[in-house]
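Annotated in TrEMBL:
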DOMAIN    E:11-140  domain 'Exoribonuclease phosphorolytic'
BINDING   E:86, E:124, E:125, E:126  phosphate binding site
DOMAIN    E:157-223  domain 'Exoribonuclease phosphorolytic'
C-alpha cells in the first residue's frame with residue numbers, strides 16, 4: 001500500500017477547472033492529488049521570426065513554480081536573473097509535446113503561448129502541466145473558431161502525460177513527491193489518445209534499469225494516461241479531431 | 001454610478017481564504033473584486049547579513065504577476081532576466097509597510113519572507129497584496145508561537161491598504177482596472193488599525209491635484225481601510241497586539 | 001536648532017548652474033546644501049515604440065549615484081549588472097513628475113532624456129534631481145524653439161520638489177542626510193508653481209503618522225517648494241507657460 | 001542504403017584519442033563520423049555546498065559547441081549572456097548519466113568536472129560527449145589511484161550512449177545530422193556495459209510513435225552501445241569495476 | 001596650427017582640483033582642456049580573496065562616462081546590464097598603471113578603490129583618469145599616514161599619462177576628440193617621474209605605422225608626461241617616494 | 001638557455017593546419033609550441049547597423065578559452081553570464097588588427113566573423129590567434145573569389161603577431177606561459193608583411209621599463225613576426241595583395 005492508500009497502478013484524484021483566469025483565451029486549474037497547476041493559453045496573432053511567411057503557426061510554453069509551491073521556498077527565478085536548467089528543460093518538453101498534436105499549418109500564422117504556473121507542488125508537476133495545457137489549448141482554439149478565425153480544430157489527437165517509477169523495488173504509477181524523491185528510476189511519459197508515444201524520458205540515475213522494468217513502466221503509464229484522457233473528454237466533450245493525410249502532406253504540417 | 005454599480009465610497013467585495021498553500025507557514029488567497037493574489041509567508045531562521053548579531057529579525061517581500069493575470073500577456077520577468085522597476089517598487093513597498101507594524105526585536109533573529117503572486121489582476125493588486133500579506137504574516141507568527149519559538153505576537157497593529165483616485169472629476173475608493181487606467185490622480189494608502197498612516201503615495205501624472213482633493217482622497221481611503229481591517233479581524237479573530245513602550249525603546253525596535 | 005543652524009522650516013542654500021556640460025541640449029549643476037546633482041537633457045528625435053504615430057512626445061529619466069557620492073562607497077550598478085530597486089523607483093518618479101508639466105502633444109514626436117547623476121549626496125538627492133531637471137528640460141525646449149522646431153514652450157507649469165520629515169518629534173523641511181537617517185517619517189513632495197501636488201510619497205516605516213502630522217508636513221513642503229521655484233525663476237526668467245484647455249483636450253495631451 | 005553507405009544498424013567509425021589536452025587530469029578527443037568532441041575531466045578537491053560533510057563526491061558536466069562547429073554559425077553563449085535551454089538540458093543529462101556508474105562514496109569528497117566541447121558537429125554530439133566523457137572520467141580516476149588518493153576505481157560499470165531514430169519510415173542507428181534533421185522520431189539512449197538503461201529519451205514531435213517502433217529503436221540502440229563500449233575497452237583496457245553490494249548499502253552510494 | 005591654436009607638441013591647459021568630493025579619502029577633479037574627470041580614492045581595509053594572508057595590498061580602478069559626457073548620449077551601462085569592452089579595457093589599464101608605482105607590501109593588507117567618472121569628454125579621458133587618479137591615490141595614502149596606519153608613502157614614483165597620434169600626417173601631442181577621431185595612429189603612453197614606460201599602447205587600425213613614426217610619438221609623449229607630472233608636483237608638493245631595493249626584494253613587492 | 005632550450009630570439013615551432021573544421025568558410029588550427037588555437041572565418045552577407053548602406057564590409061572577432069585549456073580550470077564565461085575584461089580586450093584587439101590589413105570597401109557589404117578558440121594554452125594565445133586568423137580570413141576571401149562574389153583579395157598586407165618580454169633581466173621572444181608569468185615587462189606586437197606596426201602593447205606592471213629596453217623588445221618582435229609571416233606564406237602561397245592608393249582614397253577604405 002502506498003502512503004495515500006493507492007495501489008501501484010492508481011492515479012491520484014484528478015480535477016480540471018476551466019475558465020479559471022478571466023483574461024486568458026484558455027485557462028485551466030488542474031489538480032492531481034495535491035499538485036495544482038494553472039495553465040493558460042494566449043493567442044498571439046504573430047509567429048516567431050523563423051516561421052515568418054511559412055504559412056504555419058507555433059505553440060510554445062513557459063513553466064514556473066511559485067516560490068512557496070514547494071516544501072522549502074525556492075528562490076524566484078526573476079530575482080536570480082535567469083531561468084534554471086530544470087525550468088528550461090520542462091518548458092521545452094511541454095511545448096514539444098503540445099506541438100505533436102497540433103497541425104501547425106491548420107492553426108495558421110499565429111502563436112499560442114502556454115503558461116504553466118505551479119501553485120502547489122506534490123510530484124508530477126510537468127506531466128500535470130502537459131495534461132492541463134492540452135485543455136487550455138483546445139479552449140483557445142475553440143475561441144478562434146467562435147470568432148470565425150478558424151474553421152475547425154487544428155488538433156490531431158488528445159494528449160496527456162503521467163509519471164511512473166520504481167520505488168522500493170516496485171513499479172508505481174503517478175508518483176507523489178515523497179515517492180518521487182526515493183525512486184531509483186523515474187520516467188515521464190506523454191501519450192496521445194490513440195495510444196502512441198510522444199515523449200518517453202526515463203532516468204535511472206540511482207540505479208540503471210533493465211528492459212523488463214522499462215516495459216513494466218510503460219504499461220503502467222499507458223493505464224494512467226488513458227484515465228487522464230477520459231478526464232479531458234469529460235471536460236471538453238468529444239473533440240472533432242483534425243485529420244491530416246500523412247501520405248500526402250507528410251510530417252504533421254511541420 | 002460606477003461600472004460595477006458601486007458608490008464612490010464603496011470597496012469591492014473582499015474574501016480572505018487562509019491555509020491556501022499547504023507547504024507555507026502562512027498562506028492566503030485574497031480576492032478584492034476580480035483581483036486575486038496568493039500571499040505566502042515563509043519563516044527563515046536567518047537574517048540578512050546587515051542584521052547579523054543585532055538581535056532583530058526582518059520582514060521582506062517579493063511580488064510578481066502571472067503572465068496572463070493581465071488582459072494582455074506580460075512577459076515573464078524570469079525570461080526577461082530581470083525584475084522590472086514596477087515590480088521592485090511594489091515589493092519594496094510591501095516589505096516596508098509590513099515592517100511598520102512588526103517589532104523586529106520581538107520577532108527575534110529570523111526573517112519572514114512574504115511572496116505575493118497575482119493570479120488575476122483587476123486593479124489594486126499592490127494594496128490587496130499588503131492586506132493579504134498581513135494575514136499570512138500573522139499566521140506565520142502564530143505558528144512560531146505554537147512551536148514555542150515566540151511567546152507572543154510581535155505585531156504592533158493591524159495593517160491594510162487600498163487605492164483611491166480621481167476619475168472623471170470624482171474621488172473614488174478602491175479603483176478597478178478600468179477606473180484606474182482613466183484616473184487623473186491615483187493614490188495608494190496604507191494604514192494601521194489605529195488609523196495612522198504608513199504610506200501615502202499619490203501621483204498626479206495626468207493632472208496635478210489640489211490640497212482639497214488630496215484631503216478628500218485620504219478620507220475615502222480611511223473608510224476603505226477600516227472595512228478591510230474588519231475583514232482581517234473576521235479572519236484572524238481579535239489579535240493580542242504587541243505594545244512597545246516607545247518612550248523607552250524608541251523607534252519600534254528598529 | 002538643527003545641525004547646520006537652520007530652523008525647521010528653512011531650506012538649505014540652493015544654487016543652480018546652467019550650461020554645465022557643453023555637449024548636452026540642457027544641463028544643470030544643482031546644489032542644495034552639500035547635495036550636488038548634474039542634470040542633463042538630451043533631445044532624441046524619436047519616440048518609444050508604444051508612442052509611434054501618436055503625435056505625442058515623451059520625457060523619461062535616468063538616475064545614478066557616483067560610487068563615492070556617498071559616505072561609504074556603493075558598488076557601481078554597471079558592475080553589479082543591474083540597476084537596483086531604489087534607482088528604478090527614483091527614475092520612474094523623476095520621469096513621471098516632469099511629464100506632469102509637459103504637454104506631450106505640444107512637444108511633438110520626440111523624446112527628451114533626462115539624466116540625473118549625483119556627484120555628492122547629503123540627503124534629498126531625488127528631489128534635487130527633479131528641481132534641477134526641470135531647468136535642464138526647459139533649456140532643451142528653449143533650444144528647440146531657437147532651432148525653429150517648436151513654436152513655444154510645451155511646459156504647462158513650474159515644477160520643484162523637496163523632502164520633509166519628522167525627526168526627533170519635530171516636523172522639518174529639506175532633510176540633510178543625518179536628519180533623514182534618523183527620521184521616523186520621511187516624505188517627498190513634488191509640486192507645481194500654482195501650488196498643486198504632483199507626487200506625495202510619505203513613509204512611516206519607523207512609526208506610522210497621524211493625519212495632523214501629515215498636514216503639518218505638507219505645509220512645510222509647500223513653503224520649501226515655493227522657494228525652490230523662486231530659484232528656478234531667477235535662473236530661467238519668467239516662462240511663458242503652455243496653456244492646454246483641459247475642458248477640450250483633456251488629460252494634458254496624454 | 002544511407003547517405004554514407006551505412007546499413008540501418010551500423011554505427012559510424014569511432015575514434016577515441018586520449019591525453020588530448022596536456023593540462024587536464026583526463027582528456028579525450030572522441031570522433032564518431034564527422035562529430036568531434038573534446039572531453040576533459042578536472043579533479044577538484046571540493047564538493048558543492050549541498051554535499052559538504054556527507055562523505056561523498058560529485059560528478060558534474062558542462063557542454064558547449066564552438067560557434068562554427070555547426071553548418072551555420074551559432075552565437076556564442078558567453079556573448080549572449082546565458083546558456084540556452086538545449087545546452088543546460090544536455091549538460092544535466094551528461095552529468096546524470098556519468099553519476100549513474102560512479103559510486104560517489106567511493107570517490108570521496110571531491111568533484112570531477114567534465115567539460116565537453118564540440119569542435120565539429122554532425123549529429124549525435126550529446127551521445128558522443130557521454131561516451132567520450134566516460135573515458136576521460138576513468139582516466140582522471142586512474143590518476144587519483146596513481147597519486148595514492150584512491151585505492152581502486154569508483155566506477156561501477158561501463159557507460160556509452162548513441163542516438164536512434166525513425167527516418168523515412170525506417171529505424172536507424174547513430175543518426176548523422178542530415179538524418180537527424182529529417183527524423184520523425186529521435187531517441188537518445190544511454191546504457192551500461194551490463195546492458196541496463198540509464199537514460200531513454202525518445203521524442204516524437206513530428207509524429208507520435210507506436211510501442212512496436214519504440215521496441216525496435218531500443219534494440220538498435222543496444223547494438224550500437226555494445227560497439228561503443230568495445231571501443232572504450234580497447235582504449236582503457238578491461239577495468240576492474242567497483243562492486244557495491246546494493247542489498248546492503250542501497251542506491252549506489254548516493 | 002591645430003583647431004585650438006596649439007602647436008603639435010603642446011598639451012592642453014591642465015587643472016587639478018583636490019578635495020572635490022567631501023566623502024572620499026582622496027578626490028580630484030582633473031581637467032585637460034574640455035575633458036573633465038572626477039577621480040576618487042576609497043580605502044577599504046580588506047583585500048580581494050586571491051591576496052588574503054599575503055601581507056600585500058591592492059589597487060583597483062573603475063571607469064565610467066556620464067551618459068551625456070559625450071557629444072551623442074551613450075546608453076548607461078547599468079541600464080544595458082553590463083560594462084562594455086572599452087570600459088573594462090580602460091579600467092584594467094588604470095588599475096595596472098597605478099599598481100606599477102605602488103609597493104603593495106608597503107601599502108599593507110588593504111585595497112584602494114579608484115573611481116574615475118568622466119563628466120565631460122573631449123578626448124584623452126583614460127589618460128586624464130590616470131593622471132588624476134595618481135593624485136587621489138596619494139591623497140588617500142596621506143590620510144593613512146595622518147591616521148597612523150602607514151609610516152610613509154608606499155608610492156615609488158610619480159605617474160601620468162597622455163595620448164599622442166598621427167593626424168593628417170603629423171605627429172601630435174594630447175589629442176582632442178576632433179583630432180582623435182581623424183587620427184590614423186593613436187597611442188596612449190603611461191610614464192613615471194623618472195621617465196620610464198609603464199604602458200605603451202599604439203594602434204594603427206587606419207594605417208600601420210613605421211618604426212620612425214613610433215619613435216616620434218614616444219618623444220612627444222615624454223614631453224607631455226613631463227608637464228603633467230609638473231602639474232602633479234604643484235598640487236601635491238614634492239613627495240617622499242618609497243624606495244624598494246629591487247636588487248634584493250625584486251618585483252616591486254608584487 | 002630557456003626552459004625549452006630556445007635562444008632568446010627563437011620562436012617556438014609553428015604549425016598551421018588549414019581546413020580544420022569542415023563547416024567554416026575558413027578554418028585553421030595554429031600551434032605555436034604547446035599553444036593551440038582553432039581559428040574559423042564565417043562569411044555573413046550582412047553588415048552591422050552602423051555600416052548599413054556605407055558600401056563597406058566589416059571584420060570582427062571573438063575569442064574564448066576552453067575551460068581546461070589552462071593549467072587550472074577556468075570557469076566557462078557562458079556559465080558566469082558574461083565575457084570577462086580580458087576576453088573582451090583580446091577580441092577587440094584581434095578584430096582591430098585584422099581590419100588594419102583589409103580594405104573594407106573592397107570587401108563589400110558583408111561581415112567576416114572570426115572565432116578564435118583556445119584548445120590548449122601555453123602563453124601567447126592572443127598573438128597566435130591573430131596569426132592564425134589572418135590565414136582563415138584569407139581562406140574565406142579566396143572562397144568569395146571562387147564563388148564569383150569578389151574579383152580579388154581585399155587584403156592589403158600580411159599580418160602576424162608575437163609576444164616579447166623581459167624575463168630575469170633578459171629580453172626574450174615568444175614567451176611560453178612559464179616565462180610570461182615571471183616577466184617584468186610583457187609586450188604584444190602586431191606587424192604587417194612590410195614591417196609596419198599595427199599594435200604595440202607593452203605593459204610594465206611589475207617594473208617600468210626604459211626606452212632602450214623598449215627598443216630592444218621591438219627588434220626581437222620584428223624578427224619573430226618575420227618568421228611567422230614566412231610560415232603563413234608557406235601555407236597560403238604568395239598572395240596578390242590589394243593596393244589602395246592612399247594618396248587618393250585615404251584611410252584604407254574606412
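Using N, Cα and C of the backbone, Cβ positions are placed for all residues, glycine too.
In this structure, E:86 is the one among the binding-site residues E:86, E:124, E:125, E:126 with the smallest number of other Cβ atoms inside 10 Å of its Cβ.
Residues E:86, E:124, E:125, E:126 are the ones the record ties to phosphate, and the longest Cα gap between any two of them is 13 Å. Under the DSSP three-state reduction, residue E:86 (phosphate binding site) is assigned to helix.
In the domain 'Exoribonuclease phosphorolytic' (E:11-140), the DSSP tally of helix, strand and coil residues is 42 helix, 41 strand, 47 coil. Residue counts for the domain 'Exoribonuclease phosphorolytic' (E:157-223) under DSSP (helix as H, G, I; strand as E, B; rest coil) come to 17 helix, 31 strand, 19 coil. Cβ proximity to the phosphate site centre (mean Cβ of E:86, E:124, E:125, E:126, cutoff 8 Å) flags the following additional same-chain residues: E:63, E:90, E:118, E:121, E:123, E:127, E:128, E:129, E:188. Looking at the domain 'Exoribonuclease phosphorolytic' (E:157-223) alone, the prediction's average pLDDT is 96.
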